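Contents: one structure, followed by commentary.
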Amino acid sequence: MSGDTLGAGSFAVADYVVFALMLMVSAAVGVYFAWTGRGQRTSGDFLMGGRRLTALPVSLSLTASFMSAITVLSNPAEVYRYGASIGFYGFSYIITILVTSEVFLPVFYRLAVTSTYEYLELRFNRATRLLGTVLFIVQTILYTGIVIYAPALALNQVTGMDLWGAVISTGVVCTFYCTMGGLKAVVWTDVFQLGVMLAGFLSVIVRSGGRLHFWDFDTNPLRRHTFWTITIGGTFVWVSIYGINQAQVQRYISCKSIHHARASLYINLLGLGSILLCSVFAGMCLYSVYKNCDPWTAGLVSAPDQLMPYLVMDILGDYPGLPGLFVAAAYSGSLSTVSSSINALAAVTMEDVIKPHTNVSEKHLSFISKGLSFTFGVLCIGMAGLASLMGGILQAAISIFGIIGGPLLGLFTLGILCPFANSKGALSGLVAGLVVSLWVGIGAHIYPPPPELTRPLPLTTEGCNFTTDSLNWTSTVEDFPPCAPFSDHVSFSFTARSALEDHWYSLSYLYFSPIGTIISMSVGLIISVTRRTGKLDLTKEREKKFGNTNLAFRDTELDFTKSSIST
């Protein structure tokens, strides 16, 4: 094995064959839907699948979209280091689906929007819509580039798999089938990739050990993971994903009826639960194998997100093809996330930036949509190259992706649940929420909480049968979400900390999203109330004046009979 890799083995021919087959099947799905969808003559057909999709494939696609390779690699490492408390995410998933199904789905589906940010112009004004669109585009390109690069780096360092070959192949295959087949190709490749992800997890879940540190009901908001931080904070994070994120909303509003859309959300719960359970069991397997000889403390891997591929090469290296299956699972997570992001970016750019300023035929708009998919695919590959130069900023960038979702959730919730909120209040609230959530998020990155708050569980090298000079007894990692890779060379300084560092910056990262949502809504409500100059008229036609009519709360029913969308 070459000296630049740290793993317990290296890839065999059979492993490369399994990985290549996963890429080929994904590309073939794009070719199939490009051929069968020759009649996709409108941008709506390309971006929304003609709004004729059914519940089952959409539900599996919803599950796969945000279960990236970073999740596959880092969630088990989170269990290995902190215990199985992330299993409480199951409660937040249930609450998320209930809120999304009953609050956000009816509004977006019955308005028949393509971009979720269209609602912001209908409800408030064009400036609010454009700000929301710009925030989404920036965070998604940044996040998607990281999703491509981070797992490639971890797998390269452990398995010896070529780094840039993996990065470019992932980006090219994603861009190909997104551009060729549109949303239908994205949904059906997600279905296939979810199956590969589950198969990869199951290939390593062979036994488990004593890492069931689970029942923690400490109410201290500074603690990293407790029942309360995960259930409350996790709910806000996942509602911001399922309720308003374009990549998810675009899927369920592409269903052929609102009943199929609602069913897709509830069936998706089974997929979320399966991935969660597999990641928890995989983390317990990690501890079972390495409870007496921690590879990270011993210096055999340079970061915890390399533990899963290290385990795979260690215990499955003698079974040709199985390491390849796990790597295919990790990259299936990347493909599903990247393809969802590319399709969503094309949709919001088309609907929010291009359509309002052009007057071309639907056929030309369809070509433009394909061009946008290709362009954003190239941008995401380029972002992966930039991510390789960013070093420790990667973790901060992924955290910011979550932080931005909180204020945006507050903005949409303000519009849907508060009929008297106006555009001035909405914009003010969004900006205030962003400022505060970025403040606490960046502060927590610069001044990470001390180990007594994160409480990593003990690890040892007493059972190791080798001698090494690279023992790292004191280093710890920054407290970023389980979807993020951990820092590989960060150590805490036990100098005197200010009250701001001890309390504000030490908040559990899961509370960043609730803070942004609450600040955004509170400021928005206060500004709306103080700026009112009389009774707000909710009966004016929106064509005459944007920002006054909440279409989700009108005294007269919206006329859906003229729409071709089934309800």
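The backbone N, Cα and C atoms fix where each Cβ goes, glycine too.
Not measured: the values here are computed from a predicted model.
Marked as transmembrane segment by TrEMBL: 16-35, 55-74, 86-109, 130-151, 163-180, 226-244, 265-290, 325-350, 371-390, 396-418, 425-447, 509-530 (among others).
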Best-contacting stretch, by C-beta pairs under 8 Å, relative to the transmembrane segment (226-244) and drawn from 16-35, 86-109, 325-350, 425-447, 509-530
86-109
What residues in the same chain, six or more past the boundaries of the transmembrane segment (509-530), come closer than 8 Å to it by Cβ-Cβ distance?
221, 224-225, 229-230, 232-234, 236-237, 240, 399, 402-411, 413-414, 418, 420-422, 424-426, 428-430, 432-434, 436-437, 440-441, 444, 479-481
Counting only residues at least 6 beyond its ends, the same-chain positions whose CB falls under 8 A of a CB in the transmembrane segment (16-35) are 169, 173-174, 176-182, 184-185, 188-189, 192-193, 196, 321, 324-325, 327-328, 331-332, 335
Given the transmembrane segment (325-350), its same-chain partners at Cβ distance under 8 Å and 6+ residues beyond its ends are 11, 15, 18-19, 21-23, 26, 43, 47-48, 61, 64-73, 114-117, 133, 136-137, 140-141, 143-144, 147-148, 151, 155, 159, 161, 166, 170-171, 173-175, 177-178, 182-183, 185-186, 189-190, 192-194, 196-201, 203-204, 245-247, 250-251, 308-309, 312, 316, 365, 368-369, 372-373, 376-377, 380
